[in-house]
Each structure stands twice: as C-alpha cells, then as structure tokens.
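Engineer: Once you've had a glance at the structure underneath, I'll fire off some questions.
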C-alpha cells in the first residue's frame, strides 16, 4: 500500500552512542533493582540476559545502519533490543513475587513461564542478529553462548515438561508471526518494538489455544477470555485481509463490500462462537448485561461517550485549520497532539477509581475499534478509508514511518496494559499495598502525565538538552514533578490507595522512567508504562 501522507522527516543517521549508553544505563538500573528485590536464580538469568542484549544491540544497530537487516525496520531509532528484551522477563519475575506473596501457586508458576518465554524470545532475536552479521562477531557470540547456557540450564531444572513445551510453542508462533508481519508491514517497527509487540501477541495466541483445548477444565473470568479472543481475532483478521488484498484492489466498492461482509462473517462466525465456547454463555448478551449492570457503569459510559465526541471534535477542528492554512504540509503542533493524552487521563482515572472491570472491558472494545478503523484506513475501504487517511495524516510524527499509523493504538495500549496484565487473584491479601497500590495508575502516570508534561514544557521552555538527544532537562524535571503531584492527588481521591511510607521507591521509580523517556528512541507510549509497572510491582 502506498502512503498518501508522510510523517515529518526523521533525523538522519544513527542515534549517538552516548544516548544509547545512557538508555542502557537506565535499563541496567531497573534490572539490578529488580534483581536486588527478588534475588533468586531467575533474577540472575535476567542479569545475564541484559548483559548479552547490551552487546547484541550494537550488532543490530550496525545492521540497520548498513541496511543489511532481513526486513525493513523503522530507521529513525536505534534497534532498542536491550530495553525491549527485558520487559517480559522482568514482568514475569515481579508477577511471580506478587502471586507468591498472595499465596496463589498457579499464577506464581505462570509468572515463571512468562519470564522464561521472554528470555527465549530475546535469545532468539539475538541469535538472529548475530547469524546475519558479517563477519561473525566472535566476542559477542561467546557472551551470548555463556548467557544462553546459564539461562537454559536454570530453566531446564526449574520448568516442568509441560511448561517447557509451552515456552517452545510461543517461540514457534513468534517466529512465524515475525516473518509474516514484518514482511507485510515494513518500517513499522524497530527490532526491539517488533520483539515486544510480537512476543506479547504470540503469548496471548498460545494462551488462547491452550485454554480452548482444555475448555472443560479451564476456569477464569469472562473478561480475561474476552481480551484474548478480541486481540487474537483482530490480528488474524488483519493477516487474512492483507493476504487477500494482494490479489484484489481494496479501493473498489466491490472489495469494500466484501471486506465488510467478511468482517461480519469472521466476527459472528468465528470470534463470537470461540468466545462462547470459553465463557459458556452468549457473548453478546453477556457483554450487554456486563456494560449495563449498575448505575455507576451507565454514568461512566455516558461520560466516556462525551469524551470520545470531544476527541472527534479536536480532530475535525485541527483538520479545519489545515484546510484554511496555506501550507499543504501543515502538521498538528505537539500541544495539539497531547490533547489526546489529557483525554485518556480523564477517561482512565474515573474508571480505575470506580469500576476497573468495566474499564478493562471498555479498553478492549476500544482497542478492537481502533484496529478495525486502521484496517479501513490502510486498505482504503469505502466509504471511510480516504476520509480517515486525510484526518489522521495531520497527527503523524516521525515514528509513523511505515504503512500503518500506530501511535494512537500504542497510547491506548500503554494506558491499558497496567490494567490488563496484573492477575486479579494476586491483588488480594494486601499483595498490592505500598507502591504496588499505584500499579493500575502506571499508564496514567508515565504516559498520560509524565510524557505529556515533558513534551509540552520541553518543547516550549526547554533549553538544556540531555547529551545526544533532543529531550531537555527542564522537560524531564517538570515531568517528575507533575507525576509526584498526580500521586498526591490519587491519594486524595482514591481511598483504596495506601502507600505505606514507600515514597522513596515511588520517587525513584518515577525518576528512572522519566530518564528512560529522555533517552529512549523506542515507542515511549508502550515502553514507559511497562517499566513503571515493573518497578511499582517490585
């Protein structure tokens, strides 16, 4: 597919090594903090994984500079292998600790499987980079072999046969998704972003297959199954239409009608029956009953509808300004793009305080809508395809360099992942006391408040730049201050939050993630909430 609009031109050349080293230092600080907190054999594996990822990242960066990578990656950033490699293993470690404290052995083992899967996928990405590097870097291969040997030895003696098979299944799915999606979507990801996104999708797909095959034995909340089925269904739908429209012109009315009909067939004929098999009831009736179960939910839905209408008005207003502007390349200013961050903050905070299950489901529905509209825009499906292309082009930035526009989807994911990822059985028995009480607010703090304030103040008043980056010292400091103020407001308005004097850890976590925002060239909407989530859970 050709792009009818282009993002602002990215910076030329690879990022300065100083910024890469600073980003690595921040990631190592997080890894060592989690290691000191957990301090078991699995945390030693995480340290070994971080060391090898640090060395291999430079090989990936060299491949990107030389254009020798197998697929086309986003060029306005470094490879991002180190920060992305550590997310899933660290998340599994802190999940294991919290569920162990909550005396929930099933999710404790689940956390170990998450950590092992993240390490396996990261090691595969490292092997892939070294396999296509010429000449073969001997020293890096030795470091990778040592780290991989330690991780494999420990995991071999820690996982059951069934858990080992589960890790290998996710790795196999990841390999195939990697080949398919990176071929279909050139320049949409860096290697690190591809690792992070595709490993998450692969894990969810494997979990859905596993639970579908053991549906008689499986027990769980319907909202968990709803998330799994919706995410996997939307990904499979995208792959299906991408292959189909290789042989058809997607911009015709005939193709558009066929797209809508097949969407209905796949939704009502595959996704809905699949979900019904898992929750043992009609999914549509369950969803309606769930949404309108209490009066509070009706008020929240009405409030969110008003916010959605306001967001649409912002888009239309900015496009009206572009139409009246003499410049055809008019782009929305940073402050205008950050309006949406304020809107999602206003959306998520009432949901977290008053009804988290409703927010969980509403965010899942919103994700499905966003992905579907992106399919309509990407394939130029009538009657909205060209309109969406024109409306969304205004809000592109240098990270939207591929055929897809993903920034708004990453924003939704960054806000929602802290709600989705923490197993609810592990939030009982005060296992989320202290700093862990802020875990659901990780997305609000890191992206909704921190990233927004840093961008606005840094671009308007910042003068002192961090070495090797465009980010400013003033932006980072105001970001930290704004997040501290937000924590104080959360304490006032959310009576369920009790920090138990863990203020130093909270301040350190916020400061660390703010430094990561200053130096990373990856998608901060996705990366920052995950790192803040990990630190707060620890």
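In case you wondered, yes, glycine gets a Cβ from its N, Cα and C as well.
Unlike curated records, TrEMBL annotations are generated automatically.
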Engineer: Suppose you had to name the range TrEMBL annotates as transmembrane segment; which of 441-461, 504-524 would you pick?
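Structural biologist: Feature transmembrane segment in TrEMBL: residues 441-461.
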Engineer: Labelled transmembrane segment by TrEMBL, one stretch among 321-337, 338-354. Can you tell me which?
Structural biologist: 338-354
Engineer: Considering only the recorded stretches 225-245, 257-276, 360-380, 441-461, state which has the highest number of Cβ pairs under 8 Å to the transmembrane segment (338-354).
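Structural biologist: Per the Cβ count, the answer is 441-461.
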Engineer: In the same chain, who gets a Cβ under 8 Å from the transmembrane segment (107-130) while lying at least 6 residues past its ends?
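Structural biologist: Same-chain residues near the transmembrane segment (107-130) but 6 or more away: 42, 45-46, 49, 52-53, 56, 59-60, 63, 70, 79, 81, 85-100, 136-137, 140-141, 144, 147-148, 151, 155, 158-159, 163, 166-168, 170-171, 174-175, 191, 195, 199, 202-203, 423, 425-426.
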Engineer: Which residues of the chain, 6 or more past the ends of the transmembrane segment (401-421), have a CB below 8 A from one of its CBs?
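Structural biologist: Cβ under 8 Å, 6 or more out: 1, 3, 7, 10, 74-76, 91, 95, 185-189, 227, 340-341, 344, 348, 352, 356, 359-360, 363-364, 366-367, 370-371, 374, 377-378, 392, 395, 439-444, 446-448, 523, 525-526, 528-530, 533.
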Engineer: If you count every Cβ pair below 8 Å, which range out of 225-245, 441-461, 473-493 shares the most with the transmembrane segment (360-380)?
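Structural biologist: Per the Cβ under 8 Å count, 225-245.
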